[in-house]
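As given in Swiss-Prot:
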- Asp14, His202, His204, Asn239: Mn(2+) binding site (BINDING)
- 5-268: domain 'Pyruvate carboxyltransferase' (DOMAIN)
- 394-513: region 'Regulatory domain' (REGION)
Amino acid sequence: MSDQLIIFDTTLRDGEQSPGASMTRDEKLRIARQLERLKVDVIEAGFAASSNGDFEAVKAIADVIKDSTICSLARANDRDISRAAEALRGANRARIHTFIATSALHMEKKLRMSPDEVLEQARLSVRFARNLCGDIEFSPEDGYRSDPDFLCRVLEAVIDEGATTLNIPDTVGYAIPELYGNFIRNLRERVPNSDKAIWSVHCHNDLGMAVANSLAGVKIGGARQVECTINGLGERAGNCSLEEVVMAVKTRRDYFGLDLRVDTSQIVPASRMVAQTTGFVVQPNKAVVGANAFAHASGIHQDGVLKARDTYEIMRAEDVGWSANKIVLGKLSGRNAFKQRLQDLGIALESEAEVNAAFMKFKDLADRKSEIFDEDILALVSDEQSDNQAEHYRLLALSQHSEMGERPHAEVAFAAGDVEHHARSDGNGPVDASIKAIESKVGTGAELLLYSVNAITSGSTESQGEVTVRLQLGGRIVNGVGADPDIVVASAKAYLAALNKLHSKAERVAAQG
């Protein structure tokens, strides 16, 4: 059995299924480039047959990413598989991931197919896919709740037809670690040709055990691929968290005995990028990537860490991308110092023009904020990369007036395509007034589901505010994120960012979990 663990990232497919986490083509491409820097083995770029937008995103990623295998999901039918193959045509290494449900509940209630019909559909789909691509992954949806005897028949059949990876999903997060690990092991032992494929795990977090179940599937079951997402992003309670699985295997190599290709120093930049793009803020106590992951408040702990870090730290913050350099930048810092901080933070901009634009934003921020921290730099770079996407709505100017005893009002100038709009409105506060001013011109009628503010850095009233806005329109939910030292400006940016996602909406068909 191989001692190499394959990391299969599905942030751009399964992660995006989280309500409000929809991403544009350019956002997906930007995250894919970061995943390549992270050195994940496989990037599931999307579900090419679900929409024209997803097809274009998969195609764009396949055309530019060279160091990771690019994968597209496809239902077990010729149309989906052909569409996936077409989108992946430019990939250096391509994989088609096809699936069909195998649990009695799904076959009867959703598919309305008999077990024999499902078995035949699985066989034919893998055979068809193998004629188009040499790397085929098969998933029995709701595999963990499937009858083991029937599941073994399906898995044996698809291996015979050319499946190279077998992925066993715990689609609804029902599994318990020991039981799931034994389930994978029993399948491997009972399927006669199991040695001809790599076994994979895909766990959801409904009971909070996605990471534990995945690791049990590896250690007990012998799986050699883990499907996961950055920050554990995903529908309902989320997916297995990439950063947690990777650091568990790396930190406890004495137990797992497995090697990883992942460059762990790129974990925090990837986490920050996904959080900023989707609007799903990372909780402070999140393992590995949370703001408090390496913080020590207890005096006893602080004393121990100062004397010897390994008294209370089992991994180093800098190993996962938290900078060990505590130098704070300011308005006198030059371009070279700024570029060095980008390098230290693992941020790779695509061109000198992007570096120059980010540096100009840095100087503008430094004029308004005396000290610039790493978190500020990560936020402004993400903001700059979003600006480069030629978005439909762009904030041009904003002013607001608020006095005690008077109703606040705001004036907003923004562009919608090539048209410049000026709007004025009052409101219950300056944020409310600003959003009402924008809405008076765009007239979407979108429902505001969420408005939240987080301080990007702590310990100062100068901290930038990061605002997340969640809108719903016609059954579609989107998030927008904006950052600025002025909370009102950050709020307007976030609202326009959400409107941009509504403007570029694309209908998608449902995928497996």
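Just so you know, the numbers here start at 1 and follow the chain as drawn.
Glycine is treated like the rest: Cβ placed from N, Cα and C.
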Asp14 (Mn(2+) binding site): secondary structure state under DSSP, collapsed to three categories: coil
Cβ-Cβ neighbours of Asn239 (Mn(2+) binding site) (radius 10 Å): 31
Cβ neighbours of Asp14 (Mn(2+) binding site) where a neighbour is any other Cβ within 10 Å: 27
The region 'Regulatory domain' (394-513): DSSP-derived helix, strand, coil residue counts: 30 helix, 51 strand, 39 coil
Residue among the binding-site residues His202, His204 whose Cβ has the most other Cβ atoms within 10 Å: His202
Secondary structure at His202 (Mn(2+) binding site), reduced by DSSP to three states: strand
Across the region 'Regulatory domain' (394-513), average pLDDT on the 0 to 100 scale: 87
